[in-house]
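Peer 1: Just lifted these from TrEMBL, have a look:
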ACT_SITE  A:His126  active site
BINDING   A:Cys63, A:Asp273, A:Asn274  Ca(2+) binding site
DOMAIN    A:25-339  domain 'Sulfatase N-terminal'
MOD_RES   A:Cys63  3-oxoalanine (Cys)
2 protein chains.
Amino acid sequence: VGPEALLSWKSKRTFTSFGVFFLQMGWGDLGVFGEPSKETPNLDQMASEGMLFLDFYTANPLCSPSRAALLTGRLPVRNGFYTTNAHARNAYTPQDIVGGIPDSELLLPELLKKAGYTNKIVGKWHLGHRPQFHPMKHGFDEWFGSPNCHFGPFDNRALPNIPVYRDWEMIGRYYEDFKIDLKTGEANLTQIYLQEALDFISKQQASQQPFFLYWAIDATHAPVYASKHFLGTSQRGLYGDAVREIDDSIGKILKHLQKLGISENTFVFFTSDNGAALISAPKQGGSNGRFLCGKQTTFEGGMREPAIAWWPGHIPAGGVSHQLGNVMDLFTTSLSLAGLQPPSDRQIDGIDLLPAILQGKLIDRPIFYYRGNEMMAVRVGLYKAHYWTWSNSWEEYSKGIDFCPGQNVSGVTTHTQEEHTNLPLLFHLGRDPGEKYPLSFASDEYQRTMEQISVVVQQHKVTMVPGEPQLNVCDKAVMNWSPPGCEKLGKCLKQPKSDPKKCFWPH
Amino acid sequence: VGPEALLSWKSKRTFTSFGVFFLQMGWGDLGVFGEPSKETPNLDQMASEGMLFLDFYTANPLCSPSRAALLTGRLPVRNGFYTTNAHARNAYTPQDIVGGIPDSELLLPELLKKAGYTNKIVGKWHLGHRPQFHPMKHGFDEWFGSPNCHFGPFDNRALPNIPVYRDWEMIGRYYEDFKIDLKTGEANLTQIYLQEALDFISKQQASQQPFFLYWAIDATHAPVYASKHFLGTSQRGLYGDAVREIDDSIGKILKHLQKLGISENTFVFFTSDNGAALISAPKQGGSNGRFLCGKQTTFEGGMREPAIAWWPGHIPAGGVSHQLGNVMDLFTTSLSLAGLQPPSDRQIDGIDLLPAILQGKLIDRPIFYYRGNEMMAVRVGLYKAHYWTWSNSWEEYSKGIDFCPGQNVSGVTTHTQEEHTNLPLLFHLGRDPGEKYPLSFASDEYQRTMEQISVVVQQHKVTMVPGEPQLNVCDKAVMNWSPPGCEKLGKCLKQPKSDPKKCFWPH
């Protein structure tokens, strides 16, 4: 497809809606990426009708920071979704987190709103659960879902069960009003989230308003669940059942867009917030295919994500792109599609992917792999340089916490934080996508490549202005004891005395 | 597709030709199976026009026995392609091997010949290079290729270079007359083998004769090569260049069938003789995706193979099958397509896959994983039980020979031969295709499953009549010193004195 595709779309554009499916699924969980059970016919079809991204990354190997990065277009180290409590630690937003998304950050829905978009989040917000962080204070017009992961059930004394919100107020709690049976794995949640998406799309279509639907549901995060209809239907066990239900739901949403005749006005993107959590495998964990390790790590298994762009009539069917992409690009790309400019008063890390998607261009840009406050690695072209390596600590590993089960690459999957800044470990991801064979330090290829990469890294580091870290302080008093709306439901709980502490982040 | 497809084909059948592409490519080497560079557009298209087999196996994790199994429809332990020199050792046909395919074995081309087929082998024969084992003494009408792997160059004193045959006689030797530049990786061989295939098909089409084309070329076996046009074109390095050239060649062969109007009369199958040789990675080795280990082992990475069936107008496009398949099935399936019965005077291990291919049936059958004279493992349904585990010896491993680089599953990828016959290690390949999490011996699932598997194994063992082992004796005198035709070329070499010895098989 030539530049005329982009031009013709720009000239005849009225408006383009967006759907973003943002889930926790590993690269190797999709049939189209080689999952041997091949149980994702709808995602596979989405890929065959759209464009598959093979070199697409998340901004962080953990959920909250990735979600903050997608919605701000900025690295977590800039938007505050990281910790300085210890070096290179993953942090997120459990119930006792005091911080959340700062008001100073401009979120995608805030910007789209100015262009007349209606924005809805279905699923896990994860950018802070205290009142000032509410998604509807940050540009969303509607919300159905929860602020935190669906861990539980809790006893409502030491820990409250996680609330589920409709818009401004809670309407119940997980395990109490929204059942999850941990024994059988049955829960109807994905069906509820599906219906929310379908209804929202119908409403927007009826009112002819452009929309941004952010479908960021909890599944397949552990504890894994699926609804009755899907239980026991996968070769892969409960995790596979959950994947099949999500796949089915995405198929239904796409078909709904087509049925309503708005698929050519709706840009849809599917990707994931981090690699599959191998720690939960085999029963509750997915697959990162042949990539090294998983969630929590800055190896490819932790951060390379399945990614599909779908926009019938615009994106050529069956396309494949090697563009280095990042979830932060969805921010800039969506703005571009809406005819908006990204904010110019701050560093935006996301790039506009439209030239890659519509014209097949390859835009030169690096990928940075952060763990907390540390740039662990960088990818430039096909090369990836590790400046730091760490899987997890010996202490955690000896407890059975293993982010790389069955994998052990000497000097690479280290259980102490190893610094390589003077002589980074360099991999060629084309010949060695599994990060098993570091290039010889003495080789010409190493010397030549590191010269290029060093410039990119230096440029990145000297211009880096880290944001105020939001994930440092934890306090039991801020938990979801009495979310707005709890009174009407008689679900307010007694809040313990405030006792702020440094959060402990072991990974 | 219903049973009528099979019936209608049977009623209107005049003849069906066969093409079998039998290469050394790993599961993870094809884009359609998730190779992240996605550089196999022709094989991917073959899959989208035909049927993908996701649970397809070779009969042995090494080349010669697999090839013997394909052509005889029988396990190597039956057809003689194994050794009893030591326990559970892989053996093949190097230049000094005394044995080869016994006359008592009935090969697919021998049987097809009786039904009027013309049979050609292009590439590596590998079933013995002494005169009595010549492929044209075993049913082939034409041969272009070599009897052994393209190792070399040799000095023609300690070792002769491998001859290349046209039909009965040699026409040159590798490295001498058929150049392979080990420094640049350049060799024109795949192009020559491609032309042989195209010419044969044209000739057969012109004479309206059914044919069996066995395209069993050397690439991507190490030393890896590609022709100039393909060198440097892959993200994956030289190995990827070789894969791209093979992919291109297969695309050309399929298009040739279509152009000649005989694609609907030609059943084509693509598969591999063993898993990718991880020992040659990253520069000369491929990928087995997320499967454990590679060539030489009885883990999934050693024996689960990419497999595609293609037969336009008969096989529904884009089909996917979970039928447990094996290269030995190509023997029985081809006979079935030719309207022939398999021999009834011997045990045939291959089954007729047509009901799976044309009617979507799933036929219950086990897969046996042999290493030499030992049944190491068995798959029944989604379960795989390891009766023996071994990657390779500590001695070999300490020399840097690693069949499972970067992988280490405690108690599974063992460096001593571990017997588990009393309490086999059991894996669920749906939930755990990477063989990382053996089921608990105490679980109901283990007990229930092993009861079923034990019956299958007992039945297999009590009825097993091993063939006379062909791969026990080696002798320098039998090397390719003076193959037929050498006189005309002035390429006869002096044969050393006969000194037969037990072959040494370290793996």
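Quick reminder: no glycine exception, Cβ is built from N, Cα and C everywhere.
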Peer 1: Could you measure between A:Cys63 (Ca(2+) binding site) and the residue listed as 'active site' for me? Cα positions, answer in whole angstrom.
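Peer 2: Just about 8 Å between their Cα atoms.
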Peer 1: Among the recorded positions (A:Cys63, A:His126, A:Asp273, A:Asn274), which are close to chain B, meaning C-beta separation under 8 angstroms?
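Peer 2: The answer is none, since no candidate qualifies.
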Peer 1: Quick check: with A:Cys63, A:Asp273, A:Asn274 left out, which same-chain residues have Cβ atoms within 8 Å of the centroid of the Ca(2+) site Cβ atoms?
Peer 2: A:Gln24, A:Thr58, A:Asn60, A:Pro61, A:Leu62, A:Ser64, A:Pro65, A:Ser66, A:Arg67, A:Ser272, A:Lys295
Peer 1: For A:His126 (active site) and A:Asp273 (Ca(2+) binding site), determine the Cα separation and express it in whole Å.
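Peer 2: Counting only the Cα atoms, the answer is 11 Å.
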Peer 1: Please give the average pLDDT for the domain 'Sulfatase N-terminal' (A:25-339) in this predicted model.
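Peer 2: The average pLDDT of the model in the domain 'Sulfatase N-terminal' (A:25-339) works out to 97.
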Peer 1: Look up A:Cys63 (Ca(2+) binding site) in the DSSP assignment and reduce it to helix, strand or coil.
Peer 2: helix
Peer 1: Sequence gap of 6 or more, Cβ distance under 8 Å: name the residues on the same chain that satisfy this around A:Asn274 (Ca(2+) binding site), in order along the sequence.
Peer 2: A:Gln24, A:Thr58, A:Asn60, A:Pro61, A:Leu62, A:Cys63, A:Ser66, A:Lys295, A:Gln296, A:Gly302, A:Met303, A:Glu305
Peer 1: Count the other Cβ atoms sitting within 10 Å of the Cβ of A:Asp273 (Ca(2+) binding site), across every protein chain shown.
Peer 2: 27
